[in-house]
6 protein chains.
Amino acid sequence: MRSDKRQPDQLRPVKIQTNYLMTAEGSALIEVGHTRVLCAASVEDSLPSFLRNSGRGWVTAEYAMLPRATAERTPREITKGKQSGRTHEIQRLIGRSLRSVVDMEALGERTVVIDCDVIQADGGTRTAAITGGYVALALAVKKLLEFGVLKRNPLKDLIAATSVGVVKGASLLDLCYEEDSAAEVDMNVVMTGAGEFVELQATAEKLSFKDDRLLEMIALARKGLAELFELQKAAIQGK
Amino acid sequence: MRSDKRQPDQLRPVKIQTNYLMTAEGSALIEVGHTRVLCAASVEDSLPSFLRNSGRGWVTAEYAMLPRATAERTPREITKGKQSGRTHEIQRLIGRSLRSVVDMEALGERTVVIDCDVIQADGGTRTAAITGGYVALALAVKKLLEFGVLKRNPLKDLIAATSVGVVKGASLLDLCYEEDSAAEVDMNVVMTGAGEFVELQATAEKLSFKDDRLLEMIALARKGLAELFELQKAAIQGK
Amino acid sequence: MRSDKRQPDQLRPVKIQTNYLMTAEGSALIEVGHTRVLCAASVEDSLPSFLRNSGRGWVTAEYAMLPRATAERTPREITKGKQSGRTHEIQRLIGRSLRSVVDMEALGERTVVIDCDVIQADGGTRTAAITGGYVALALAVKKLLEFGVLKRNPLKDLIAATSVGVVKGASLLDLCYEEDSAAEVDMNVVMTGAGEFVELQATAEKLSFKDDRLLEMIALARKGLAELFELQKAAIQGK
Amino acid sequence: MRSDKRQPDQLRPVKIQTNYLMTAEGSALIEVGHTRVLCAASVEDSLPSFLRNSGRGWVTAEYAMLPRATAERTPREITKGKQSGRTHEIQRLIGRSLRSVVDMEALGERTVVIDCDVIQADGGTRTAAITGGYVALALAVKKLLEFGVLKRNPLKDLIAATSVGVVKGASLLDLCYEEDSAAEVDMNVVMTGAGEFVELQATAEKLSFKDDRLLEMIALARKGLAELFELQKAAIQGK
Amino acid sequence: MRSDKRQPDQLRPVKIQTNYLMTAEGSALIEVGHTRVLCAASVEDSLPSFLRNSGRGWVTAEYAMLPRATAERTPREITKGKQSGRTHEIQRLIGRSLRSVVDMEALGERTVVIDCDVIQADGGTRTAAITGGYVALALAVKKLLEFGVLKRNPLKDLIAATSVGVVKGASLLDLCYEEDSAAEVDMNVVMTGAGEFVELQATAEKLSFKDDRLLEMIALARKGLAELFELQKAAIQGK
Amino acid sequence: MRSDKRQPDQLRPVKIQTNYLMTAEGSALIEVGHTRVLCAASVEDSLPSFLRNSGRGWVTAEYAMLPRATAERTPREITKGKQSGRTHEIQRLIGRSLRSVVDMEALGERTVVIDCDVIQADGGTRTAAITGGYVALALAVKKLLEFGVLKRNPLKDLIAATSVGVVKGASLLDLCYEEDSAAEVDMNVVMTGAGEFVELQATAEKLSFKDDRLLEMIALARKGLAELFELQKAAIQGK
């Protein structure tokens, strides 16, 4: 039995509050259990230098945690003057994942920045950021289409992410912080709405593992992702 | 007539949502019009070096804005590797203001850090941070008293802050961003519940001013602060 | 009786040595008691980006202390790689104050940088920097007028600053370091030659205060500022 | 046909030169095709703070590229004053991988730092760093055992890494830079000598993929890793 | 004929104003022609870690230029967040030079920091800093001897520095900025009162040179240094 | 007798392996005893701003040590976020030395960057970097001449460097680390193939010295440099 009484293949309750910010082109506050991430999409005219005059656009992401998102206060990264390796790793993952479903020619010469700020952290912040970040991106794109800035939809598919882990020998979907800390294996899966992998990162924190375990974990992830895709669609359509 | 139809001596609607975070000892999400600041109080055992073994405690504050709190995205300070002068100035003001009502001996050898993170900005973020930061501090202190960690209440009085400005020659209470940008004079007042000044910062952005104008602005501030003190009391008592 | 035998409403001896540097367009070494600040005005062709092609100029200030300006050596800020909050706060104040008396269209598309370097510190360095910085600015402007670079004088008025404080219940003009450390209230006033406020910053370091005290402190500041304006005029005219 | 005429399941020529440095406790210069990484193991008495007095040791890694390791010169990270996200990500991966086969109690209260400096880069630098870093670690451990500093061998197994990718629809083992740039999918596999996964990172750079492709790529990796384990064993035994 | 009508073997006018700062243990404002450097000696109880509990002291130096010391304003190093290579090089040279005449055991477990701040620069700032820095050091030592903090004089000899250069084929003593910019060879010589070399740095900026030229330049330096030693002695004795 | 049985006027064994990198325009791995420095020449189209449109080129150098080049691991400079004073000093010396033999008009509007990375350090890394850096530069220039990018050879002469020191009263050529640590005087000499000085830096680490010692040390350097020039010529010609 899991600490919050979930079944091994059960997601935590997920809520996506759209347009949380009146300032941003698109925004979503996603809650996955106690984890809360505010995702904001900003459409900017600038482009990274390697894309200038290419006719193509860019999507990038930034990730941060508020200092008191965690049970013990975490000092702000600005105090040290530099971002941690963990932050770098996560924001690169979010950006890469979102870009995989964007037709950059349809987006045209503009950058969409997805800011993912963790308000409260209870495990799975990077996967929540991808799932919520996609909603913020989709809402911004919707607005650009409505205003005629974009002629055709640059979003080729949905994209969402979840985690799976092995805790005391059992494969579990969507780890909370307590489970994550005790996990023998930890895996993040990013998948398209069509059910294909975009990223798959499995780490044996305490115990190496074999192919059959890998396939079992993938099956769990696939189940959770199917539910997340439905929630994303409903949120984007404003239901 | 003001852009949002308020009277010159009228505050924007203020809402204080307490215990917004389950992770922090005390927290409050304060909304002043469209301005939204999340204030979190963290109680830590460490002390700045000049206070070690002094029998006295410390209260300090940190302030930051999420990148999309503003109508145009503001790059994170971590991107440059250092905090702006504006951030430094504001967090020093918040810390100084809160310390003015704390009996540091009653607090004992611990530090309370007040994190003020601006979720959405529409003028008056620093004054909202002081007003909301006090509530987060008071809630954390309440918890320490309940658990018997503190023997007596270190809070000597309430503290709140508001802004007043001169726009097109008229003195106005609680400027929103649009008014603030156009203001000839801008003043922030920090006051104790007993009605005494703790900080008074008046800046002639466009037009220098005389004593009578100063007194007129102070009277407006006093009116707004009286209302804020009532809202703080209700929030802290959980009404 | 004050530690240096001054009356409560008496400034410390003030000396302004003009053209201290042969390298700068304008410069002044101002001494206020033991406080010594070297102010240098540099006229540059560049402009901050928000002013390019606006037909308007800019005035900005930088402030620093030599490490042995203080009784105990203060490490250079470069050692830490970043400026302290105090430095940021002070140089923003100096810049804002000086800009308030400059007609930016008359100045034209150029920047004047006022460097204020504290050689020796005994309280009141930021107000001395404003008072001396104005002299350096005025001397540089004079030179630009003489050389025909400027067609009309961009300086609309004089600007000077002084401090007032409450020490053991008594309001005192122009605090030295010893008085400043013990002050219950500390106020800096920046005023135009016409006697109007440009900045007024009052901080209750130890004791909150009321309106009557505020007015009493303002009256003291006004007296000291009147004397500083005379000294500035004499210095600029080369008497 | 691959650009260097290899079969799809063929590694590039691998050479491991041991004890390349007389200064380090253990070192290995590994060449995988044109990729050359110098790996050095340093045994230090210090420990990260969370491990002090725990009776346990630590293994960590640092990764860098010489500026002219690449066909176009890459500016040193010190020029910007901070490490890139890519560097952070890679050195975390190397450290995590090596730690997975170390018995930290047998290692005792000491840190082994594995420095991986890329002399020449032609794809696969992070996997070469893991494979060569293990050899440097093993040589340092061997020395500690010989000198009686360690009582028992803290190395529980071998660890090595390789890459697999999909290029023009074909799954290929051990991508060189040219192949890597064109890859639709890129996967790094870190495996123990016992054939169990420690890390598996698959990224769909251009095309999402399904389970069967994943299994096909894993099989290729397994073949290459078997060969790398033999080379590691020979190198460590000094053959 | 030199631009300022000096003979080839003639120093610029040198003035050393002692005890310029009331805050420092020892201080000297040295002027060499238009070059003006403020040197301050601070005696501190701390020691660099490699000297703790060694019974020995340390002397170190810091060097900086005020932004308007130069004919064109030089941005502060703090703006970039780091010291230039030139600054590093100079302050290492000053520290090394001063240490060469200090008996570190007689100094005891304390550090003397010599701050050399260039107020106005016209060539030869590093050599003026050494010459003036020695005076500040000697004055601080004198005070420590008077107060009985030191039992015996840790200064074993005088130390001073000057520059020599080759301009249009002629060897010249003590280059001003204009000469320095045009010099084919530039040499700095640091010498003890006993006439022995401590540092000799010759750089062929435009033309390589031979032994005879080297000896000619050394002879010039020796002449200038003899005069500087007399000025130092007079300054330290308060004449 | 020296620790490695050399005569006082004997260089350590020197080996120069050319074209060590296939990625760089020119490269050389130089070994001087146990000291090993990898020198790489990169030809870039950019120019420092002060040279743009001048028709002239530039040569610059960067220097770094791998962390385990030393007997005890030296933390990477990136860990602190800034280069040490020593690094700055050395790379400025290398750049200045190489530039002294380059005809910048013949080089044309391009920059050659010489990266000198110390693989293993046993004293004399800066002089080895100059000697090896020249070879890398010469090889890159040779390639540019062969490809017709350069019309005439911009290299006016050879340049090499060596060290001389006084150890226990004896003047010794080419100090290894052990000798260097114990040296009373340490001198680096950079000389052209024509036997003229480009840089001469003598430092009395422990004992000041006179003219006759200087001349004795110069004679030793001259002998060593003659041998280095022969080795450079052979390396560049591919013998």
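Glycine residues also receive a Cβ, built from the backbone N, Cα and C atoms like all the rest.
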Residue from C:Arg86, C:Arg99, C:Arg152 that TrEMBL also lists as binding phosphate with C:Gly124, C:Thr125, C:Arg126: C:Arg86
Neighbouring C-beta atoms (10 Å sphere around the C-beta of C:Gly124 (phosphate binding site)): 25
Nonlocal residues around C:Arg126 (phosphate binding site), in sequence order (Cβ under 8 Å, 6 or more apart): C:Tyr63, C:Ile90, C:Leu93, C:Ile94, C:Ala161, C:Asn188
DSSP residue counts for the domain 'Exoribonuclease phosphorolytic' (C:10-140), split into helix, strand and coil: 45 helix, 41 strand, 45 coil
Nonlocal residues around C:Thr125 (phosphate binding site), in sequence order (Cβ under 8 Å, 6 or more apart): C:Thr35, C:Val37, C:Tyr63, C:Met65, C:Ile90, C:Val118
Output field, phosphate shell: CB within 8 Å of site CB centroid, site C:Arg86, C:Gly124, C:Thr125, C:Arg126 dropped: C:Tyr63, C:Ile90, C:Val118, C:Ala121, C:Gly123, C:Thr127, C:Ala128, C:Ala129
Tally of residues which DSSP labels helix, strand or coil - the domain 'Exoribonuclease phosphorolytic' (C:157-224): 20 helix, 30 strand, 18 coil
Recorded phosphate site residues C:Arg86, C:Gly124, C:Thr125, C:Arg126, farthest C-alpha pair in Å: 13
For C:Arg86 (phosphate binding site), the number of other Cβ atoms found within 10 Å of its own Cβ: 15
